[in-house]
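Before any comments, here is the structure.
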Amino acid sequence: MVRLAAELLLLLGLLLLTLHITVLRGSGASDRQDAAAGNNNLNLESDSTSETSFPLSKEAPEEHQVVHQPFPRQRFPPETGHPSLQRDGPRSFLLDLPNFPDLSKADINGQNPNIQVTIEVVDGPDSEAEKDQHPENKPSWSLPAPDWRAWWQRSLSLARTNSGDQDDKYDSTSDDSNFLSVPRGWDRPAPGHRTFETKEQPEYDSTDGEGDWSLWSVCSVTCGNGNQKRTRSCGYACIATESRTCDRPNCPGIEDTFRTAATEVSLLAGSEEFNATKLFEVDMDSCERWMSCKSEFLKKYMHKVINDLPSCPCSYPTEVAYSTADIFDRIKRKDFRWKDASGPKEKLEIYKPTARYCIRSMLSLESTTLAAQHCCYGDNMQLITRGKGAGTPNLISTEFSAELHYKVDVLPWIICKGDWSRYNEARPPNNGQKCTESPSDEDYIKQFQEAREY
C-alpha cells in the first residue's frame, strides 16, 4: 500500500510537469534562457526538500491536505548548459532524474521510496504584465512584519504602563483605550480594586430580575404631611416605585390662620367664646336639628368654601396615587395641590360605599378657610357626582386637625345614621366642571329609596 501511494505521488508530479510543459509551449517561450531559469528553480526546490508541500507520512498515507499559498516570485541569472535539462526540440522538455541529487538515489521499484517533489510555477513576462494592469483588484498591505510587531509591542507596553490607573478610572469611551490589548488578570479582580455603585442604575439579580431598593428620597415637604419614594430595578427598562407618607411639623402660619378664623367665628356668632361643637351643632341628637342650623357664620363660611375650593376633576388623576400633585383648575385658572384619600383610614366602604378612589385638596398659604375639597371616583375612574359614593366638601381639613375634622364632617354623618340623602343636602357634592352625571338616574333613584327606607 505504501509503495502504491508513492508511485501515485510520483505520477502526480510527472503529470504536473507535463502540464507545466504545455503551459510553456502555449506561452511561446522558445529561448534557452527561459529553460535554464526553470532548471535553476527546479534545482533550488529539490535541494530544499525539507520545506516541501507534499510530504508522505507512514502514519497517514491516505490523508492529504492541499494548502493554497502564494508562491514567491524569485529571479535568478540564467545558467546555460546545465546537464539536468535537455531539449530535443524547440518545444520538448525531458526530466533526467539521475542528475537530481535527491532523486538520483531513489529506488522506484523499492517498497518505500523516500521521494519528495516540489513544483513551483513561475509566472511568465506576459502574465506579469497582465497583473500589473489591475493593481487595484488586490488588497495592499503596506505594513511590513517588523513594523507590525513594533506597533504591537508599543501597544502592549502602553497598556501595561496604564494598567495601575485604569482599574480606578477606566472609561470605555476613552480615546486612550486600546481595544486590541487585553489587560492581565481581566478575569479576576486585581488587588486594591475599588467598585463604585451608582444609584441611577442599581444592580439586580439576574435570577429573579429584581434589584435592591434604593434609599428613601427626601420628604416632599418641609412642613406638614408629605411623602417619600424609593425605587428599584425590576428588569430591562423597568423601575418599581414605592411610596410612603412622612409627617413634618405643622407649617408656620397655619396656627395664625386658625386663630384668625376663630376670632372671626366668635365675632360672627356674637360671642367671645368660640366652640366649634356648638357652632356646627354636631352634639345634637337629631339629624334634623343639625340640618336646621342656619347661623350667619355658617352661611358666610360655606360661601367662602365654595369660592375658595377647587372643582373636582372629572376623572381620577393617577399622578396622585404615589405623591401629591399640582392639577390645573380651569375654572379658578390656577394650580391646586391634591393628594390621594383612598387609604384604609378613610374607610370608604363605610362612608362612601360605591367609591373606589378618593382625593382631597390640600391647604395653602393662600387659603381663606380651613376647608378641603373631597372628590370620589368609581371603578371606571370617573367622578361620582351624586348618590351615596359622592365626595362632599370638608369644612375642616385633616391637614389641620383630624379630631376637629371628625367632629365637624364625620360625626354629622353618624348622627344622620348614614342617610346620605340628608347629609348631601347640607353638604352638596361638587360638580363645578359639569362632568357626566354618575351614577345613572336608575341607580340614583334606587339608592335614594334605600336611604329613605333605612
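Each residue, glycine too, has its Cβ placed from N, Cα and C.
The following features are taken from Swiss-Prot:
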- 1-29: signal peptide (SIGNAL)
- 29-93: region 'Disordered' (REGION)
- 38-55: compositional bias 'Polar residues' (COMPBIAS)
- 125-144: region 'Disordered' (REGION)
- 128-137: compositional bias 'Basic and acidic residues' (COMPBIAS)
- 161-209: region 'Disordered' (REGION)
- 208-252: domain 'TSP type-1' (DOMAIN)
- C219-C246: disulfide bond (DISULFID)
- C223-C251: disulfide bond (DISULFID)
- C234-C238: disulfide bond (DISULFID)
- 279-442: domain 'AMOP' (DOMAIN)
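Structure with Swiss-Prot features highlighted.
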residue	record	Cβ neighbours (10 Å)
C219	disulfide bond	17
C223	disulfide bond	14
C234	disulfide bond	15
C238	disulfide bond	11
C246	disulfide bond	16
Practice task
Return the member of C234, C238, C246 nearest to C223 (disulfide bond) in space, with distance defined Cα to Cα and candidates limited to these disulfide-bonded residues.
Solution key: C246
Handout entry: Collapsed DSSP category at C246 (disulfide bond)
Key = strand
Fill in the blank from the handout: Model confidence over the domain 'TSP type-1' (208-252), as mean pLDDT, sits at 82
Practice task
Report the DSSP secondary-structure composition of the domain 'TSP type-1' (208-252) as helix, strand and coil residue counts.
Solution key: 0 helix, 19 strand, 26 coil
Practice task
Between C234 (disulfide bond) and C246 (disulfide bond), find the distance joining the two CA atoms and give it rounded to the nearest Å.
Solution key: 25
Exercise for the section: Please report how many Å separate the Cα atom of C219 (disulfide bond) from that of C238 (disulfide bond), as a whole number. Expected result: 24
